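Copied straight from TrEMBL:
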DOMAIN    A:60-248  domain 'ABC transmembrane type-1'
TRANSMEM  A:9-29  transmembrane segment
TRANSMEM  A:64-86  transmembrane segment
TRANSMEM  A:98-122  transmembrane segment
TRANSMEM  A:128-152  transmembrane segment
TRANSMEM  A:173-197  transmembrane segment
TRANSMEM  A:230-252  transmembrane segment
Ligand SMILES: Nc1ncnc2c1ncn2[C@@H]1O[C@H](COP(=O)(O)OP(=O)(O)OP(=O)(O)O)[C@@H](O)[C@H]1O
Ligand SMILES: [Mg+2]
């Protein structure tokens, strides 16, 4: 009886969380003028309209470029930081590790304001570069966590064997360590991309005037009216931010399966 | 091929000394084993030779040249790790060819050498597989192949057989020795298994707590242990208190509590310089247990009683009570082993024993 209640509650909680999402997806196919029930028919009209809306397309492009750049930079930095922390006994490892992870623990608003104040202090203007920098700061911890966990699990002997066979440390890194880390690097990159793509809080603070990412664009649109286009946009976002990591996880699993250390 | 020389090499980890100053010379083409219990510093010593650890003090020479400042990837060594460390994302061919790539060996030559070395380790058909598709014993052979295909100056092996099961281990022991002999490579082998060491080595270095206890050929180390530690570590030994009484030109007479007066050849007591207290080492297989009343030529016979029997198939180990001491005896079984509680005669011959000064204990 007790367990039945617990299960019932859990079910309700999930329902409460996912029902709105389901409603958005459902309504995005609604043929009606208004972005709400009742459904008057199934159509792709709002998707068509979405893809002819210049502002939204621009926002998509911005988000993509921002996400890609963030993923690239975060991954490179994250891999380097992980190598330094795990493989080389840099002094103050614990502290550096803490600082790298900290952006996850600090509320994003605080982080956003802090970075803004810092740049003001340096009297720099808001720019795409600064937005990118912000995204890198708070996606880096995820990359570091994922890559570090993997690196710890890769036995030193593989690298030592490569060195003993005549590969220098750089060759060893590219021939042995990097390929063995690849699944984690790939996963970290996807994490960074989706987190950047999804982000709104930091982006609102950091973006220069006139630049919109998809989330800030939705936000802006919502302030005027609730167009059914937003439902369609939401559906696309859900597809991207849920689908990409799932796809990535599947690919990473296959890669790991082949390597299987 | 090359010699390896250690001059007063030591290693400290913080305040702990893992290897005390050690000097060692490994001649060209010979097979030297570092033997000792867990934690005695074997791996540490090997890793210093490999260049995976920097010595705290002292100097290491390979082929007569100091390598203290030479990084591992320039030392031209072949290393076989305990868990093989085959690159999991590369095929067997790529694994073996890995070292050749950094030596500017042509594609054709690489293919030929990989084929040859796969023949040498008797696995000609696995080139296209990944390591995880091989059994432990096969992976072991590939690890060896990868290490020797680069024609290293020295081959370093850290407990390479310990991950294999008992039967395979004995096969690989013979195999490894055959290959080493065939290519004549200077080899340093680390193990805590005395039978491996005795079977494979040209020279054994017995280590304990970061120090060399004894160095010598297997037979010498086995038959003439220099310390009580070595006597006890290599096979089962009985250690009995004794008193050296008469030193003649050829022989030494000792008095023991259990076997009375025994006569040993002097070469069995190289460290004994005068009369006085000493220790008599009697290997378990040199304690012969016979039916009560029976004696053996040239042996001192004393009565004893079997306290425990450890049956091993072709041999049997007895724990025999003689006076106030329990002795171990390892005997071949002639017909049936004695049973627990049997009254027997215990026989020891003087020339089978080794005499150590008491201080060496
Ligand atoms: N990196 C290290 N830091 C501190 N102590 C170490 C380190 N490496 C080894 N030691 C210590 O040095 C001693 C010798 O270690 P070593 O690995 O050489 O032993 P071993 O003879 O190879 O033993 P085993 O048979 O268990 O492999 C041990 O007491 C070990 O705890
Ligand atoms: Mg060891």
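Note that Cβ sites are derived from N, Cα and C of the backbone, with glycine treated the same way.
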Which of A:9-29, A:64-86, A:98-122, A:173-197 shares the most C-beta pairs under 8 angstroms with the transmembrane segment (A:230-252)?
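The stretch with the most close Cβ contacts to the transmembrane segment (A:230-252) is A:173-197.
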I need to check the long-range neighbours of the transmembrane segment (A:173-197): which residues 6 or more away from its ends have a CB within less than 8 Å of a CB in the stretch?
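Those are 63-64, 66-68, 70-72, 74-75, 78-79, 83, 87, 135, 138-140, 142-144, 146-147, 149-151, 154, 158-159, 162, 167, 213-214, 240-241, 244-245, 248-249, 251-253, 255-256, 259, 261, in sequence order.
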When you scan the chain for residues with a C-beta under 8 Å from the transmembrane segment (A:64-86), skipping those not six or more beyond its ends, what do you find?
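Beyond its ends, the transmembrane segment (A:64-86) has Cβ neighbours at 93, 96-97, 100, 128, 131-132, 135-136, 139-140, 142-144, 146-148, 151-152, 173, 177-178, 181, 185, 188-190, 192-194, 196-197, 213.
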Can you name the far-off residues of the same chain, 6+ from the ends of the transmembrane segment (A:98-122), with a Cβ under 8 Å from a Cβ of it?
81, 130, 133-134, 137-138, 140-142, 144-145, 199, 201-202, 204-206
